[in-house]
Amino acid sequence: MTNLRKVHPLFKIINTSFVDLPAPASLSSWWNFGSLLGVCLAVQILTGLFLAMHYTSDTATAFNSVTHICRDVNYGWMIRYAHANGASMFFICLYMHVGRGLYYGSYTYSETWNIGILLLFATMATAFMGYVLPWGQMSFWGATVITNLLSAVPYIGTELVQWIWGGFSVDKATLTRFFAFHFLLPFIISALVMVHLLFLHETGSNNPTGIPSDPDKIPFHPYYTIKXILGLLFLLTALSTLVLFSPDLLGDPDNYTPANPLNTPPHIKPEWYFLFAYAILRSIPNKLGGVLALILSILILAIIPLLHTSKQRSMTFRPLSQCLFWLLVANLMALTWIGGQPVEHPFIVIGQTASVLYFSTILILMPLAALAENKLLKW
């Protein structure tokens, strides 16, 4: 008798995606982050659902409702901190996943890559709106500063900002709509994940060598399910350590002060995972220029397939490109650090230098290095 998982209409889909899926035999741990992102999304949706049961999206009660969750709800503090730190884990996995794609040339699967960029934007939007919900000082002022960036749009900027605010400042209407969208977007992300996987399974996975692996495939289960479980254990260990021992490590102390429109915090900054983009935004003195640089710092990923000049797909056998890749990683870390510093000398100059280096590495240096490698390897 044929196995049920191979004939049942629903189980068949799961079977071809996670059980009998032919996978390259040489996948390294860098291929773990896709499954870890799935786990992160599930954790965020579950913890978020329980938080939404107790949260009220009203300016008068939002801050107090979060306090109530932490003090009075059974394990509410744990759910809240799992959600907040789960977002940090989500972005760590996201950046690792994107970095893996850049290093091993996975961006040549253009549909999968473009859906991935959409997913990145959707996740960033969700995280930004989630940061506003506790209605602390940094929530309020972060929302004010970031939404105000839209006023740089020529001609319709001011109207656009007021339309998003639902008034003349960040207020009750803004908080209510941000809560609605923060609740809705993860489900849209889940749907996009399905499309992401659909396109990936059209081509099959890339592998560390960048060479087609059709002659050498192994079943996904048990080889990669056990590998994914090991990665999951590492993720859950890191997350629970953060939640149970140092839940506020990555947060901002200002967010424990209720939002006050009359009192501006000395340093307004977003969560750590947006600091690199925030540093690029602040590096440009012109408002519209800064906003464009901010958007392009992420959107630049979309043109990376067009900038691929190497005859090889992966960077595994390309030492020059490897050096530039790790320079880019170090540069992003420097930008993250600068984004958290005040706008004063020498941080301004460091931020501007790192921003120029970020764009020039991707747009000029990496394509040139790839061409040089083609010559060196006589390809």
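Glycine too: its Cβ is placed from the backbone N, Cα and C atoms.
Straight from Swiss-Prot, the features:
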- 33-53: transmembrane segment (TRANSMEM)
- 77-98: transmembrane segment (TRANSMEM)
- HIS83, HIS182: heme b b562 binding site (BINDING)
- HIS97, HIS196: heme b b566 binding site (BINDING)
- 113-133: transmembrane segment (TRANSMEM)
- 178-198: transmembrane segment (TRANSMEM)
- HIS201: ubiquinone binding site (BINDING)
- 226-246: transmembrane segment (TRANSMEM)
- 288-308: transmembrane segment (TRANSMEM)
- 320-340: transmembrane segment (TRANSMEM)
- 347-367: transmembrane segment (TRANSMEM)
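Overlay of Swiss-Prot annotations on the structure.
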{"residue": "HIS83", "record": "heme b b562 binding site", "Cβ within 10 Å": "21"}
{"residue": "HIS97", "record": "heme b b566 binding site", "Cβ within 10 Å": "20"}
{"residue": "HIS182", "record": "heme b b562 binding site", "Cβ within 10 Å": "21"}
{"residue": "HIS196", "record": "heme b b566 binding site", "Cβ within 10 Å": "21"}
{"residue": "HIS201", "record": "ubiquinone binding site", "Cβ within 10 Å": "14"}
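Between the alpha carbons (Cα) of HIS83 (heme b b562 binding site) and HIS97 (heme b b566 binding site) lies a span of roughly 20 Å. Distance from the CA of the residue listed as 'ubiquinone binding site' to the CA of HIS97 (heme b b566 binding site) is 17 Å. Among 33-53, 178-198, 226-246, 288-308, 178-198 has the largest number of CB pairs under 8 A with the transmembrane segment (113-133).
Distance from the CA of HIS182 (heme b b562 binding site) to the CA of the residue listed as 'ubiquinone binding site' is 29 Å.
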